[in-house]
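J.: Handing you a structure now.
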């Protein structure tokens, strides 16, 4: 299998945070390793765990002068080094809690404790400090408990103190060992915590060059691939052909090229005559999208793969030459008068080494460092109206005009509302004149001179999801400086009602959804679109339903003022039903609320430019309990090439490891409890048999199917077809 080179590559396949296999040196000697990829809005973190549990105790009247704590990682040191060397930044948390146990013995003594990093080097600085500085974080920041020392623990207090911080000099990471001293005195105790090693960014993945003329090229030193060659890169072009790279010998050569809009060729000669492997794609490869090429050659065979297309393999002859002898420079792009590649090449790796295309391109005419147009390839991953933002080394999704966040704008932003709590979003900023409406563009007004009393909407889009068990209530209400309003209500029956009052009618226009109870504690989605007189309502994943305002109704929503969630607190006359439903208020969850381009809940929970528009009564607690459930079934493990079975995820350290001693103790306690329960059950059986010994025969109403049921609960469920149980993951109750 071909694994991605880094977590950065998985993000650009649209993958979310999870465990993944990565292969930092391609098909080199290191082999793949399993890591946790944390995809945040603007960064991708690669995390490698170890088996040392947090707060590991050392000392406590120990007779040993030194205690050595070994950290065993879920990867080899070479594999971790490959990650740290290509990363932009790495860090590892380290903590020393102490009671009469000195740490670095500052200001001038020899350290009692040190840690061992890459290449088995000892280091005498602590988290929050740097190489060559024998201080802890408090010594750097000058806030140690005792200012005479550079570490809190060096003051040798009888009370617990601690020194913590991040080790971030990546050339020294990861921590492989911690050696603790000063634990042999009576009363000396210490606890050590070391976090996983975390790295962010991948300098190799986005190392790119743009070839702007068909005669331009970059040159590098001769490729050393006598017996094995492993070449991988990404390309993007709108041209139909061109040479990617070539290296020549007297008669030997190796070459990769785009032969046509649908063909990639890998050719070489080791002295037995030219060999060419071609991969033909059913789709155009000159579509200005990124495509991956992976070519390998060794003494046994050669292979070529493009994207996820089938691997093309050619066996080597059993006799003949096997060594690839090259002498010229390696040319990337045009070589020997041939038509060179036009477009972008990035992440070019030759036998596990990434060639620095960017640096060479800076001094080469006809070639530009970096590459543009990432959004044309990855923009489709920005969901729910998120906007793709072009970056020098990739892209990001701007979710500011949506009700979502996360790296791909797919994470619902929602909150739990307690009874009596409410949120108001003002469509104009506090303290501004009516003519200075910041929300004008959000409310689709195009006339810059429109004042608030004249501002009107002829169309709206409203979407949100909610869950509640209490009715009646007001979910959402939009007020105005006139008598116009719009409301979404849950009636006493639990049915949903949408209410419009735009003027021209004696009574508001109501859309009643009477055929289903919405106050059942389950998440429900509501999407309402109005364009003039036409209203389209979609509930959950049922087909949309169309409605039309009465002909006498106005179609302009005049002078919108504020949007309310949970309760309506507005001056002036309020519709009688809404007034009744307003007490005691909504209790439950609201999520991803969006009115046109306004996201009031997100404005309240995330610091944005719109936060000044929000007023909250009560404490707003973020929660996804109102988020609509996943309706598209996830890809099965058998068909998802990136699926990792969490049960088989072989991580010694996952979050916080549990030591063998804890497991052993748990097993002993569990065994004792099992014996006690078994004894009680035996006693009960004996008593029951004794009580019924003289009663003669008796009948039972034992459930049919109980004979084959595995338990009493199973028997009840077998017998009662109405026995169902729905578990809402976000609201589990544990009964003990």
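Cβ atoms are placed via backbone N, Cα and C, with glycine included.
Curation plays no part in TrEMBL annotations; they are all automatic predictions.
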J.: Pick from 623-644, 645-666, 667-688: which range does TrEMBL record as transmembrane segment?
T.: 667-688
J.: Using a Cβ cut-off under 8 Å, which residues of the same chain at least 6 positions beyond either end of the domain 'EGF-like' (372-410) come close to it?
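T.: Cβ under 8 Å, 6 or more out: 8, 11-12, 14, 16, 39-42, 206, 210, 236, 288-290, 344, 463-464, 592-594, 597, 599, 601-602, 606, 608.
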J.: Give the residue counts of the domain 'EGF-like' (372-410) per reduced DSSP state, in the order helix, strand, coil.
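T.: Secondary-structure composition of the domain 'EGF-like' (372-410): 8 helix, 12 strand, 19 coil.
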J.: Looking at the domain 'Laminin G' (439-625) alone, can you tell me the average pLDDT?
T.: 82
J.: Going by DSSP, how much of the domain 'Fibrinogen C-terminal' (1-50) is helix, how much is strand and how much is coil, in residues?
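T.: For that range the per-state counts are 5 helix, 19 strand, 26 coil.
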J.: Report, as a single number, how many Cβ atoms besides its own are within 10 Å of the Cβ of residue 371 (disulfide bond).
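T.: There are 23 such Cβ atoms around residue 371 (disulfide bond).
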J.: Within 10 Å of the Cβ of residue 344 (disulfide bond), how many other Cβ atoms are there?
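T.: The Cβ of residue 344 (disulfide bond) has 22 Cβ neighbours within 10 Å.
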